[in-house]
Each structure stands twice: as C-alpha cells, then as structure tokens.
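Peer 1: Before I ask anything, let me first share the structure, which is written out below as structure tokens.
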Amino acid sequence: MTVAIIRFGGSNCDRDAERALAHLDIDAEIVWHEDGLPEETTGVMIPGGFSYGDYLRAGAMAARAPIMDDVREQAEAGVPVLGVCNGAQIGSEGDLTPGAFTTNRSARFQCEPVYLRVENAETPWTEAYEDGEVIEVPIAHGEGRFEIADDELETLVDEDRVIFRYCDADGNVTDAANPNGSKDNVAGVLGEHESVAVLMPHPERASLPDIGPTDGQGVLEGFR
C-alpha cells in the first residue's frame, strides 16, 4: 500500500504524517498537489497546516484544487481517505464530509492535548479501539469548531458516522471538555463511505513513542 500525503502551499504536517506512517511500516509518499495522485495510490492523507494561508476560509482554496477531483474519485472507489486538521477543513469544503469547521469559540489559536471518546469502533479508523475508549491526542487550530445543521447532525448520529467526541479524562462528554465549541462535541466524522474520515485533532502527533503518547496510532492503522 502507498499512501499519498498531499502537500499544498502552506501544508506543514506532511513530514509528521510521513514519519508516523513509516513508524507503522505503512508506505507513504508526499505528493505535490499539482502533480496529481500516483497510479499506485492505495490511500490518501490530507495533512494539517495552513493551505494558501487560510485565505477566504480555512481549506476553501485547496478544496478547489484539481487534485481534489482525484481524491473524490478515490473516495467513491472505497480507497481510504483521511483529512486531519487543515485536511479536515479541506475535506468538508470539498464535500467529502458534511458540516463545516469555523472559528474557535475562544476566537484564538489553540494548541493543547485533548481527550477524545471513541463513538464507533467499527470503522477502519477506529477498529484498533473499543467503543467508549478515551484517547489523548493534541489539537492545533484556530478554526476547528464543527458546525452542522441539526437535521444533518441527527443523520450523522443515526448512521453512526460520528467517530470521536471531545471528552474529559473519564470519558464524560461535557461543554467544559469541548476545546473549541464544536457542536455536540464532535471531533471526527465519516463521509458517506466509512473509508473516508476527517478529524481536527492530530493522530500523527500522538504516534511516536520517542516524543509522547501513542494513542493516535490506531487512527493511522486505518490505512492498512
């Protein structure tokens, strides 16, 4: 398997993602967005950063790059696609997943560890965990507040497409444990196909034992 890690102008987490995947013995290649996806691509990761300086809206310009047509085609074919942080914003702007990511409730950039509760452990991105398990991963964003219409959120919940919620260390989903004001504490969701997921927290930054917790490894295992 070769995971294509898409680099846009302003991406800054592509190397982190490459190293985290290599640690798990998952082949990955950083791909410049103008070059398109390699023929041997069997997975796609859209990493974090500030694509195009977050002008207009975070992820809005990158979502309209030609390579995203290839990504949507891969998603329709069931190829694993993961968007992290700015990649999640690009994914939502590019209609890979519902909802939108807007300015944090605090109106400031936040970089801190958070707790996530696994809401559905029967997806490629969460099968390494148990339902209700609490993991710790970092966030680093200024526009990470998940917003969605009430009826669309109800559909996501009914279809078990919410995969992570912000919680406290004991797994309680509360407003106090919500770092950015995301609706219903949502931190990660699936697209129409369970092979497509986006989340604001950074699993690749919690995957290497020499720098900290490794709770994020299970998410990246979804590329196997």
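Cβ atoms are placed via backbone N, Cα and C, with glycine included.
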Peer 1: Given the ranges 141-161, 204-224, which one is assigned the annotation region 'Disordered' in Swiss-Prot?
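Peer 2: Swiss-Prot lists region 'Disordered' for residues 204-224.
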Peer 1: Tell me which residues of the chain lie with their Cβ under 8 angstroms from that of H202 (active site), as long as they are six or more apart in sequence?
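Peer 2: In sequence order, the residues whose Cβ lies under 8 Å from that of H202 (active site) (at least 6 apart) are C13, D16, G48, V84, C85, V137, P138, I139, A140, G216.
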Peer 1: So what's the mean pLDDT when you look at the domain 'Glutamine amidotransferase type-1' (2-224)?
Peer 2: 97
Peer 1: Write out how many residues of the region 'Disordered' (204-224) are helix, how many strand and how many coil, based on DSSP.
Peer 2: 10 helix, 0 strand, 11 coil
Peer 1: Given a separation of at least six residues and a C-beta threshold under 8 Å, show me what packs close to E204 (active site) in the same chain.
Peer 2: C13, D16, A17, R19, A20, L21, P47, V84, G216, L220
